[in-house]
Amino acid sequence: MTIALGKYTKDEKDLFDIMDDWLRRDRFVFVGWSGLLLFPCAYFALGGWFTGTTFVTSWYTHGLASSYLEGCNFLTAAVSTPANSLAHSLLLLWGPEAQGDFTRWCQLGGLWTFVALHGAFALIGFMLRQFELARSVQLRPYNAIAFSGPIAVFVSVFLIYPLGQSGWFFAPSFGVAAIFRFILFFQGFHNWTLNPFHMMGVAGVLGAALLCAIHGATVENTLFEDGDGANTFRAFNPTQAEETYSMVTANRFWSQIFGVAFSNKRWLHFFMLFVPVTGLWMSALGVVGLALNLRAYDFVSQEIRAAEDPEFETFYTKNILLNEGIRAWMAAQDQPHENLIFPEEVLPRGNAL
């Protein structure tokens, strides 16, 4: 019995092969299959944001001016979240709320869901683009894995958190000052800075910045001289076989500074990947917890003692009072639809005031 082994080849290309050839062709800007998701979604997300910040008011959703047309600048303009009464509606243009009326759709906050959902899929498309290109040039996919950190933060903050609350209203609006408002809201209503997941996120992001600065400086300090251009970007050939900098010298330097140092480039660079990505993922997990209204650390014994002893105050009890102040002063401004009125006597006053 004879078995013939060989590679099967099709006589003519089908539609998939034709599309694959065109999408993955070597060109100045790579398209790829991931581009079918990335480019349209990124275009719509950015276009929706520019449209909203330029023309669309937030008067009907937040009682605010939020566009350049109304007098805002780059820092104060925003695409605002829909009203709380609309809960978690997708706010489709052709849905029951807007009924195909584009002006009404903008007034209701439809641009926010439009930007948020297209933005999320655009970020996912960008990660898939990194996977696709890495596979094409036979790289490992760690760039795409690293980009999962920002995606996790975006999805948790803009989508999962409001899904756990009463509506999209409690998500951040897309604007600089709007994000600042959201940060104050997170602190006042969730005591976010005392949340261990926030602490891990801060450690990851700031630790990554420190590692990046140290690594860049160390490489610059230990470059091998090679010709006249040793201190310029033309000093080395991108296809060179030899090292660009001296790992041995760098190891000796940091061993003297700290007593310990990385002795392996692979471990060093994996650590530089691990620190920020883990920090971002921990932050995202913390925000998912806040969506379920999980609490941060509570030091109840200090609160009880502060309530009983007029002379006792800690930075923790002071922060708790500040959070109460944020809630009392902010809720009425931030949620005008609730018609909240707080008498002067219920506003928090600490022992030190």
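Residue 1 is the first one shown; counting continues down the chain.
Cβ atoms here come from the backbone N, Cα and C positions, even for glycine.
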83-96, 153-166, 181-194, 265-278 - the range that Swiss-Prot marks as transmembrane segment:
153-166
Long-range Cβ environment of N143 (pheophytin a binding site), under 8 Å and at least 6 residues apart:
Q130, A134
Cα distance (Å, whole number) from H269 (Fe cation binding site) to H198 (chlorophyll a PD2 binding site):
24
Listed stretch, out of 41-61, 125-141, 153-166, 208-228, that has the most CB pairs under 8 angstroms to the transmembrane segment (279-295):
153-166
Quick one: of H198, H215, which of the binding-site residues has the smallest count of other CB atoms within 10 A?
H215
Using a 10 Å radius around each Cβ and counting other Cβ atoms from all shown chains, which of the binding-site residues H118, H269 yields the largest count?
H118
To the nearest Å, how far is the Cα of F262 (plastoquinone binding site) from the Cα of H118 (chlorophyll a ChlzD2 binding site)?
42
